């Protein structure tokens, strides 16, 4: 078993998958400077240095064999693409696990499909993502080494690898959606299962193709998600009734995420993991507050406890498409405008409160500034802005 786990964590396995899909590192341009090892130079170019005892340079490094250096975003690894079908397929699939997908798909689901589904998706997604993000900074497993791996993304390169939160998010979204709609709508279950498997598989494979995760990272993320879904499923009906809780419920929604953010595991060096986790918790809190406001002030009618199975899903009409696209475009524009306005305002207030120079971008990484600043992304549920 130990040998199997080591093979699944091997960077060479990731590199072989990339080569099979037509992704290769670009050849070195000119001889190495000062007699440096080309492999070592390539690793430094990505902001990581592999300290291996095998080459006599292992003294003084952490147990996981990695030492982080500054400014990993300063350089871009060059690569050669020989199969553009796989390249664009997996780059698109990787985007399905990033913020641009969540900030569009979840509001669209709420405005045009079913608010019941969007509420459940958001809450389960926040729970799974928080555990996954926290596990990264507790385990501190490195991402695949480069070389031999080609890394296509720069932003998350400073984060640890295990588990893959892209894999966790994709599995959560697809299978929570499947489980939540089985008894609510009538459709071929095999078709829904196939779509869930294809969606999550594409996102998982994209993390290996982009060189961001080992196979073990991806499998670990899937396994953790499956366990969390099984454990939390009995409480899903309770989650659905959160918006009918007591008037003190908003206090818990605000206090608990702040507590979790300020007590997030401390990393050896800065990475965007804590900031992303704060944003995720803030989004979940904002959506939950939005649903509570709707219920408490009776802005919308309360959903039925159990809806009858929809025998025939109505066909799309021109009016439905136009109305849906209008709500989506107007809603997204409002979200982005409010988000940018609140973030800029909150950052100025925090800089003034802690007497920090505005031009000091490093100050954003301080705990007392980063958490409130990222929490400013908290906003009401989309249903408080658009109802048609």
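For all residues, glycine too, the Cβ spot is worked out from N, Cα and C.
Bear in mind that TrEMBL entries carry predicted annotations, made automatically and left uncurated.
Feature transmembrane segment, per TrEMBL, maps to range 185-206 of the set 53-74, 185-206, 339-360. The transmembrane segment annotation in TrEMBL falls on one of the ranges 3-21, 22-40, 117-135, namely 117-135.
Note on TrEMBL: of 248-266, 362-380, the range annotated with the feature transmembrane segment is 248-266. Per DSSP, the secondary structure of the domain 'Phosphatidic acid phosphatase type 2/haloperoxidase' (119-233) breaks down as 82 helix, 1 strand, 32 coil. Counting Cβ pairs under 8 Å that are 6 or more residues apart, the transmembrane segment (218-236) and the transmembrane segment (156-179) reach 3 or more and are in contact. Remark: the transmembrane segment (117-135) makes no contact with the transmembrane segment (320-338), by the rule of 3 or more CB pairs under 8 A.
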